[in-house]
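Everything below concerns the one structure shown next.
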């Protein structure tokens, strides 16, 4: 990764990327709209033009031909997530140890956020949320007739959030990136191993991966609630050392968007976990007399 870091330190300009995101905010809506059109309109087209007819996938078996590129895709995203985690997590921990949690969340360090290897990792994190729409393409090519709500809602909402948060600058996004990079390193590796044909070997990890996803959203929600409280104390109530621009590293619009996105995703992920692992119905075979 040394050559990537060297290139990022010399060439990456997060300020130009930030400006592009701001001046092209409407593009985020267009991209999200095209993605949703793909989700809801592509399945019958895939069945007709890729598999030659509506009834080709009635057996429920996955076609073999997308498997190899899907494995490579998952390995690529796992490696990319490891790269991101290795750059963002150490910087985040350094600030928490040195400055404390409040300062870490409320102070934006532009030269780390928009410049150098860490800034490039943050910029790529925001960009990768659009690239992760590729997961949906592979699901559709595998013959899925209809995607579950969470499999399209989560990608599109996190894409919109990351676009906005990187554009305006948010200390909380650094925490979100560190958590998400870490979880996705393991999650995409799990997907790759499962697609190789070793799903039975790694099946027991699925519950913990889902739990990790829930944890990152719950932590994000708690942290943004903490930031909201701190901003309220300084801005609305006033303290002896109050500053009208207190906690400026996470602006109000970023606070509102993250609360909405984190809460909207936490609920269905929790429902998924409870339905799959806590209140799981016994198999039909085990209930037969």
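Yeah, the Cβs are placed from backbone N, Cα and C, and that goes for glycine too.
Automatic, uncurated: that is what TrEMBL annotation is.
Annotation source TrEMBL lists transmembrane segment at 27-51 (among others). Sequence-distant contacts of the transmembrane segment (27-51) (same chain, at least 6 residues past either end, Cβ-Cβ under 8 Å): 21, 57, 63, 130, 133, 136-137, 140-141, 143-147, 152, 155-156, 159-160, 163-164.
Annotation source TrEMBL lists transmembrane segment at 71-93 (among others). Within its own chain, the transmembrane segment (71-93) has Cβ neighbours under 8 Å at 1, 4-5, 104, 112, 117-118, 120-122, 124-125, 128, 132, 134-135, 138, 174-175, 177-178, 180-182, 184-189, 191-192, 195-196, counting only residues six or more beyond its boundaries.
Feature annotation from TrEMBL assigns transmembrane segment to 172-193 (among others). Counting only same-chain residues 6+ beyond the ends of the transmembrane segment (172-193), those with a CB under 8 A from a CB of the stretch are 71, 74-75, 77-78, 81-82, 84-85, 88-89, 91-92, 104-105, 113, 121-122, 125, 162, 165-166, 199, 201-202, 205-206, 209, 212-213, 216, 219-220, 223-224, 227, 250, 254-255, 258.
The feature transmembrane segment is assigned by TrEMBL to 205-229 (among others).
Taken from TrEMBL, the feature transmembrane segment covers 259-279 (among others).
Within the same chain, residues 149-150, 153-154, 157-158, 160-161, 207, 210-211, 213-214, 217-218, 220-221, 224-225, 228 sit at least 6 positions outside the transmembrane segment (259-279) and bring their C-beta atoms closer than 8 Å to a C-beta of that stretch.
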